[in-house]
Amino acid sequence: MADKPLTADQAEELHKYVIDGARAFVAIAAFAHVLAYSLTPWLH
């Protein structure tokens with residue numbers, strides 16, 4: 001465990017990376033779902 005809590009600046013930087021990662025994950029997942037829907041006949 002960390003001995004000291006994050007500063008506000010450190011927390012904001014970490015939050016930015018977490019949100020950017022979540023956005024990238026959602027974008028890739030949405031793209032994969034569109035591909036799966038368009039390329040697989042059993043989903044239509």
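Glycine too: its Cβ is placed from the backbone N, Cα and C atoms.
Counting every protein chain shown, the number of other Cβ atoms lying within 10 Å of the Cβ of His33 (bacteriochlorophyll binding site) is 11. Look at Swiss-Prot and you will find His15, His33 tagged as bacteriochlorophyll binding site, backed by sequence analysis.
Per-residue pLDDT, averaged along the topological domain 'Cytoplasmic' (2-16), amounts to 93 for this model. Swiss-Prot lists 2-16 with the feature topological domain 'Cytoplasmic', giving sequence analysis as the kind of evidence.
Taken from Swiss-Prot, the feature topological domain 'Periplasmic' covers 40-44.
Look at Swiss-Prot and you will find 17-39 tagged as transmembrane segment.
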Discussion item. Counting across all protein chains present, how many other Cβ atoms fall within 10 Å of the Cβ of His15 (bacteriochlorophyll binding site)?
Written reply: 11
Worksheet item: Other than its close neighbours in sequence, what residues sit by the topological domain 'Cytoplasmic' (2-16), given a CB gap under 8 Å and a spacing of at least six beyond its ends?
Response: none
Worksheet item: What residues in the same chain, six or more past the boundaries of the transmembrane segment (17-39), come closer than 8 Å to it by Cβ-Cβ distance?
Response: none
Worksheet item: For His33 (bacteriochlorophyll binding site), what is the secondary structure state per DSSP, taken as helix, strand or coil?
Response: helix
Worksheet item: Using DSSP, how many residues in the topological domain 'Cytoplasmic' (2-16) fall into helix, strand and coil?
Response: 9 helix, 0 strand, 6 coil
